[in-house]
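Structure in structure tokens, see below.
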Amino acid sequence: MEGQSGKTMQSLPDTLSSLKGFNKYLTPSWIESVSHILKELTPTKPQKVMEEEAQNVFECDDTELDIKVAKIQDEMVSLGAQLKQKTLQKRESLNNYLDLKGSIRVFCRMRPFNHEESYSSRTMFTLDESNVFLKVAETKTKQYKFDKVFDPCSTQGDVFSEVEPVIKSAIDGYNVCIFAYGQTGSGKTYTMVRCTSSTTFPPSFRKQK
Ligand SMILES: Nc1ncnc2c1ncn2[C@@H]1O[C@H](COP(=O)(O)OP(=O)(O)OP(=O)(O)O)[C@@H](O)[C@H]1O
């Protein structure tokens with residue numbers, strides 16, 4: 001502190017001489033022009049009137065803002081109601097669709113024969129989308145009927161598109177169950193888990209949000 005005041009004392013002569021120099025600008029014309037500027041800057045209206053006007057502007061803006069907010073809130077309520085209605089319609093049509101299809105459905109997927117099976121005397125084949133034929137002897141076949149049969153050329157995407165509505169129904173909160181049943185090596189894991197393309201079962205399932 002002492003050092004600082006010492007410095008100020010030391011620079012005092014310089015400050016005085018600079019003030020003396022400044023004094024020469026304080027001519028009557030300089031004073032006149034400065035007072036003219038000050039007059040220009042002084043508000044012509046009384047302070048109170050200006051404050052009231054400012055307050056009015058403020059209040060007006062608030063009211064407009066309130067109106068806009070209320071309008072947006074109304075729109076949001078109406079959109080929410082529309083969304084609810086659409087969701088209900090969607091659920092209803094989905095469940096109608098599932099009812100029409102049947103609440104319990106059994107699909108059969110035939111996987112391609114492997115090397116050993118190709119040489120086997122027993123062969124399976126399909127004639128249409130619902131029937132599987134199993135050749136049990138040279139002249140004897142057995143026929144099995146399903147809600148849908150996926151032939152050996154079917155893809156993961158084909159299977160997925162058939163169960164997709166059921167998955168959507170599960171996402172809508174309904175209880176559903178999809179399970180794979182079959183003897184070992186028949187292709188359960190492949191069908192339920194295998195990821196071979198963008199339409200495979202698990203990733204597509206995850207996309208249904
Ligand atoms: N649709 C298909 N296309 C091509 N290969 C398939 C198909 N389905 C199954 N496979 C092949 O057949 C073999 C057996 O399939 P997978 O392991 O899925 O049978 P699984 O029923 O799960 O057997 P496990 O009950 O012993 O676990 C695998 O090598 C698999 O890659």
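Cβ atoms are placed via backbone N, Cα and C, with glycine included.
Relevant sequence annotations retrieved from TrEMBL are reproduced here:
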BINDING   Gly182, Gln183, Thr184, Gly185, Ser186, Gly187, Lys188, Thr189  ATP binding site
DOMAIN    103-209  domain 'Kinesin motor'
Identify, in sequence order, the residues in the chain of Lys188 (ATP binding site) that are 6 or more apart from it along the sequence and have a CB within less than 8 Å of its CB; answer 'none' if there are none.
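Counting only residues 6 or more apart in sequence, the Cβ neighbours of Lys188 (ATP binding site) under 8 Å are Ala180, Tyr181, Gly182.
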Are there residues of the same chain, six or more positions away from Gly187 (ATP binding site), whose CB falls under 8 angstroms from its CB, and which are they?
Arg109, Arg111
Pick from Thr184, Ser186, Thr189: which of these binding-site residues has the biggest number of other Cβ atoms within 10 Å of its Cβ?
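Buried the deepest by this measure is Ser186.
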Measure from the Cβ of Gln183 (ATP binding site) and count the other Cβ atoms within 10 Å, all protein chains considered.
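Excluding its own Cβ, the number within 10 Å is 6.
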Let's see if you can do this one: DSSP helix, strand and coil counts over the domain 'Kinesin motor' (103-209), in that order.
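Split into helix, strand and coil, the domain 'Kinesin motor' (103-209) gives 33 helix, 23 strand, 51 coil.
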Mean pLDDT over the domain 'Kinesin motor' (103-209): what is the value?
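Mean pLDDT across the domain 'Kinesin motor' (103-209) comes out at 82.
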